[in-house]
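Undergrad: Have a look at this one before I ask anything.
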């Protein structure tokens, strides 16, 4: 079967924003204008097509990145049909894992900002993730019809807060209730959309007289940015020649693809203005799969690097980036094809797990409606039904040409709670439900506490765990009692010590003999976490016993010493010891290693580390004193304050243990007018009084 859309007409994009910037409405409008969706879904009444999980409808926030396919030929039908695959990304900080995951499979992104709120803390996190994966992006300043909307202020914030180089290619005509359209700076024309048909048609008009000067200024700024793309354009520009419309677009595209500039558009999705022109910008300035670097992978045996180009002729390779459970068809594995072609019914290799998988049915999703297709090709995003072993981040590839595309890195959870099923019947169902949820979301962990036999779940924040418990109830009908949230503390040391460990047993028959000297030293935080060195010379301990010493130390690391929390940031070297020809064994050296580590650890100035969160609170000015006072009471350190159009943003670092129930407290302090966002920043040493309380409560259990 031949390719319907040439790969150069593909755009794999993400739409990314913080909560309430209007991302879901923007996506809805895209689906409307691309002709897929005929009735506009409004988030206000919970009917948005992209928000297809039930709690998203209730909370009005987007949780799962659903992938949707749409076609666009331009506002004035000026392009050949382009296929736009949209990955919807969540804006809430507890779901950064989803954002990270979708950034991995995108070629470009549209960053949606609120014209009133501007660049929010969450936008900065998403921006950093987009930088990490070198994703070219354009900005869409939404909500131009709202009170306090200011387009150029947001442009300035993109520059100062994100350290980016914004280049507006449009200006807003009016703002708030007087917002009527946009000026296209490339054509130097005003665009007005027809309100009667929800913006499906439009007309060009002359630039309003009172905006002529401003438009000229920003047009020059844009042309200068375009001219910097090449010497040829620069010479023409400096020689006083006018750049043609084509040359301006070509220059802007080249620089946007290299991430040197970020093109800024504006509008109001709710009022059906601007999304249409932003879609044109997606086609003109964001990359096709062939415009981005070929993906690098490794061949398993020797780690030899391999490259896969976005071509149908190359061997098949794809990355599974999301697992979702569909009530009707079971497991859906969303994957992005980087090279080659795969047909339904083909058998492929899951190279990370080393297992073969049969691709049953392939579907393309339109939010949560499914369209079954027979094949997918390089550049496509689709979902396979019924893959058994694939988890997020796995590579699927041609059996004859194995490759592992880079693994995604997932953060460690910072908060855990105990779960108790309400009835005996729930017990078994809970195990199945948690297994499914953990497969979908790698930042969510499940284990059984050995002492209490309780099931423990851990994740990236309170909201993250709330939603997972909620999903268990809705999707799997499992009712559970949830314990108090527990903070994931860590243990480490502050000085270097040397410690002997001796394990000798003589009780008739063969004895046990293991004897080691360990040097235990602190490592830089945030590095490897644990390093083991073998410094034995002259065979005082035979080589075959060294891994057993390492194993003994590692078991102790896992169980902790001070208060049974995992130990991090230590280097352990075994440098001396002795053995017995008959009595020495692996188990004896394992025990000796564990004993030496445990004793040495307590002499090496052990400390407890606690997770510190980065908090940003937006509050009206009159509550600022209360908010700061409250953060100080929570052992917070205030980093700084910014003015916003509606008050102040306070930036602080606060221990996670002090943040439980903060949402409720903040609401009551500010009569519901303040909002906050929180993300994990780092581990740092807990004060002595806090450590003492935690250690005592852990050791009395």
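Positions of Cβ are set from backbone N, Cα and C atoms, glycine also.
Straight from Swiss-Prot, here's the annotation block:
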DOMAIN    8-290  domain 'tr-type G'
BINDING   17-24, 88-92, 142-145  GTP binding site
Undergrad: Between 0 and 100, where does the mean pLDDT of the domain 'tr-type G' (8-290) sit?
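TA: Here the predicted model's pLDDT, averaged over the domain 'tr-type G' (8-290), is 82.
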Undergrad: Can you check what DSSP calls residue 144 (GTP binding site), collapsed to helix, strand or coil?
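TA: SS state of residue 144 (GTP binding site) = coil.
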Undergrad: Highest Cβ count within 10 Å among the binding-site residues 17, 144: which residue is it?
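TA: Within the set of binding-site residues, the most crowded position is 144.
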Undergrad: State the count of C-beta atoms found within 10 angstroms of the C-beta of residue 23 (GTP binding site), not counting that atom itself.
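TA: I count 30 other Cβ atoms within 10 Å of it.
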Undergrad: DSSP three-state call for residue 23 (GTP binding site): helix, strand or coil?
TA: helix
Undergrad: Could you say whether, by DSSP, residue 17 (GTP binding site) belongs to a helix, a strand or a coil region?
TA: strand
